[in-house]
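What Swiss-Prot lists as topological domain 'Cytoplasmic' is 1-38, 105-120, 166-172, 221-282, 341-346, 398-410, 468-502. As annotated by Swiss-Prot, transmembrane segment applies to 39-59, 84-104, 121-141, 145-165, 173-193, 200-220, 283-303, 320-340, 347-367, 377-397, 411-433, 447-467. Taken from Swiss-Prot, the feature topological domain 'Extracellular' covers 60-83, 194-199, 304-319, 368-376, 434-446, and the record attributes it to sequence analysis. Among the features that Swiss-Prot reports, N-linked glycosylation site is placed at ASN73, ASN319.
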Amino acid sequence: MGVENTKQTMSSQNIKPAKDSDDVLHTQFKEVKRSPMRYTMQLLAALAVSMASLMIGYSSSYTSPALVSMRDNTTATFEVTMDMAMWIGSIMPLSALIGGIIGGPCIEYIGRRNTILSTALPFLAGWLFIALATNVAMILVGRSICGFCVGVASLSLPVYLGESIQPEVRGSLGLLPTVFGNSGILMCFTAGMYLAWRNLALLGACIPIIFLILMFLIPETPRWYISKGKIKEARKSLQWLRGKTADISEELDSIQKMHIESERIATEGALIELFRKNHIKPVFISLGLMFFQQFSGINAVIFYTVQIFKDSGSTVDENLSTIIVGLVNFISTFVAAMIIDRLGRKMLLYISSILMCITLFTFGTFFYVKELMDVTAFGWIPLMSLIVYVIGFSFGFGPIPWLMMGEILPVKIRGTAASVATAFNWSCTFVVTKTYEDLVLHIGPYGTFWLFGTLVAVAFIFVIICVPETRGRSLEEIERRFAGPVRRTSAIANLKPMPITI
């Protein structure tokens, strides 16, 4: 029984395309390697949409430095209680959950690019609400607006990039949003050393302006245009993305055939479609990756970094520690972007879960020993543990769940499934951030980190059993892998489009 399951698992993790159509597609996509310049416009598109991720990172980490100055009685113009502070920290993921739900229909009806673009002005308004706040209610409104935009953007970015970027660079360019997100975290931590919460919010208000300008330079995805019957616009968009001299006829033809086949399949209710035989596995994998991403405890760590270092009694300055953590986060994600298309998604997920598991148990053990004896001489352990933990997260479970959401969800359900996955991710984020301090109160910091470490160990097993390798495969090949073997006569017809990631 165990041997049989192992065989089935191993075979499910190797994407074996049907020779007829997949070999043609694989050859087609490998031909683009002749000229690196063919990726220039795809890089520009990735950079433009990644500015939204910079805002996501800045918004996510804002509470860590801001709450310190908000609760400073010597400078505060109104009181921020402990309970209010918890809501300021947790209202953003709760609002992001709503944004994730609404973002799904938006990317289908108004397009991927327009959905991303529509977050710019609300982001600006949210930060101005916070910066000009005269009471806690205004801060909560501002955080809610920013959180809503975070949910919409985190859903739309993987969709846009998955549909716009070629397979051989999809891993590297697909991780750019995570690199930018970590840049936002680093920017917020660094600025937080010198700026009080109001000025920190004003700095956040500057980012959407740059983002707005860049988004006007890039096109909508060709797959969305084709789904709306706009073939001329799709050709123009694909030509822009692939370069003026690129021959796009074969790729455009394959996308059209995928769309025709998806339209041919009988349509049921959107949510019912999620449970079709060839849809349920990619949806389950995407939800599983989102669950383990958040229950690794990353957002509890990011939201409460300063507080964690204070509680640990570390001899290292907590503000300096947050900057070091943010810098390591940025560098390690950048390295991951450079190697993901060489090592593959699964290898980075293995490395990620092992590093996080070891460091979470180390961190928990430090807090446990701290209650029994003086650990002043070991004050460097929290910082080192957190650094290695962040490296592990940034290598795998940080960026890859969002990247794979844009790769494995079938075109037929991509908008709906991406919406469900994003809402689920932010639901988990809300649960983790809202219950973190309660967990610390009831089972202690050591119990909390041991719990996160145990869940990461389960994540390692989940990757082994369930997650397929998608490196170097076109979206069409990945979708057919989940659909199962096809007859020779329908190999080309079974190509399906690809509309869609935190």
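For all residues, glycine too, the Cβ spot is worked out from N, Cα and C.
Here the transmembrane segment (200-220) lies next to the transmembrane segment (121-141) in space: the count of CB pairs under 8 Å, restricted to residues six or more apart, reaches at least 3. Between the transmembrane segment (411-433) and the stretches 84-104, 145-165, 283-303, 320-340, 347-367, it is 84-104 that has the most C-beta pairs under 8 angstroms. As a whole-number mean, the pLDDT of the topological domain 'Extracellular' (434-446) in this prediction is 84. Annotation: stretch 39-59 has the most Cβ pairs under 8 Å to the transmembrane segment (173-193), among 39-59, 121-141, 145-165, 283-303. Secondary structure of the topological domain 'Extracellular' (434-446), assigned with DSSP and counted as helix (H, G, I), strand (E, B) and coil, comes to 13 helix, 0 strand, 0 coil. Counting Cβ pairs under 8 Å to the transmembrane segment (320-340), the top-ranked stretch among 39-59, 121-141, 145-165, 377-397 is 377-397. DSSP labels the residues of the topological domain 'Cytoplasmic' (221-282) in these numbers: 44 helix, 0 strand, 18 coil.
When the topological domain 'Cytoplasmic' (398-410) is classified with DSSP, helix, strand and coil residues number 9 helix, 0 strand, 4 coil. Contact count against the transmembrane segment (39-59) (Cβ pairs under 8 Å) is highest for 145-165, out of 121-141, 145-165, 377-397. Per DSSP, the topological domain 'Cytoplasmic' (341-346) is made up of 5 helix, 0 strand, 1 coil. Below 8 angstroms of C-beta separation, residues 49, 52, 55, 149, 152-153, 155-157, 159-160, 163, 208-209, 211-212, 215-216, 218-221, 224, 227, 415, 418-419, 499-500 of the same chain, each at least six residues beyond the ends of the topological domain 'Cytoplasmic' (105-120), sit close to that stretch.
A Cβ distance under 8 Å defines the sequence-distant neighbours of the topological domain 'Extracellular' (194-199), meaning residues of its chain 6+ beyond its ends; these are 65-67, 69-70, 75, 130-131, 133.
The DSSP breakdown of the topological domain 'Cytoplasmic' (105-120) into helical (H, G, I), extended (E, B) and coil residues amounts to 12 helix, 0 strand, 4 coil. Within its own chain, the topological domain 'Cytoplasmic' (341-346) has Cβ neighbours under 8 Å at 13, 168-172, 400, 403-404, 463, 467-472, counting only residues six or more beyond its boundaries.
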